[in-house]
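Read through the structure below, which is laid out as structure tokens, and then see the notes.
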Amino acid sequence: MKPNFSKGLLPAVVIEEGTKEVLMLAYMNEEAYEKTLKTKRTWFYSRSRRSLWNKGETSGHVQHVQSLYLDCDQDAIVVFVKQVGPACHTGEKTCFHYKII
């Protein structure tokens, strides 16, 4: 089974394998997906910069991929990782640290 990139970018939900905590949401194009499979580290496509980026490449806060899952429509990805350091660029453990209710 392979993701369907025919409509463009796919959302990728990144989850810490041990705690099952949602760490971040990013987007993958086909190249980012293939690089993720090959390197076992997360690669994403930046919509603002219009380029690939490797999570932790500059900060050292890398994500070691443990498993990937596709949804039933093959247009969304869940990535289970072992996170090194904080996942958020703000220094927070997760990008989802603002509680609303």
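Using the three backbone atoms N, Cα and C, a Cβ is placed for every residue, glycine included.
The structure displayed is predicted, hence computed values, not measured ones.
As written in Swiss-Prot, here are the features:
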BINDING   ASP71, ASP73, ASP75  Mg(2+) binding site
BINDING   CYS72, CYS88, CYS95  Zn(2+) binding site
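Cβ environment of ASP71 (Mg(2+) binding site): ILE77, VAL78 lie under 8 Å away, each six or more residues apart in the same chain. Those same-chain residues not listed among ASP71, ASP73, ASP75 yet with C-beta within 8 angstroms of the centroid of the Mg(2+) site C-beta atoms are ASN4, LEU10, LEU70, CYS72, GLN74, ALA76. Neighbour count (other Cβ atoms within 10 Å of the Cβ, all protein chains): 16 for ASP75 (Mg(2+) binding site). Here the binding-site residues are CYS72, CYS95, and the one whose Cβ sees the fewest other Cβ atoms within 10 Å is CYS72. Here the C-alpha separation of ASP73 (Mg(2+) binding site) and CYS88 (Zn(2+) binding site) works out to 28 Å. Per-site Cβ counts within 10 Å over the binding-site residues ASP73, CYS88 peak at CYS88. According to DSSP, CYS88 (Zn(2+) binding site) sits in a coil region rather than a helix or strand.
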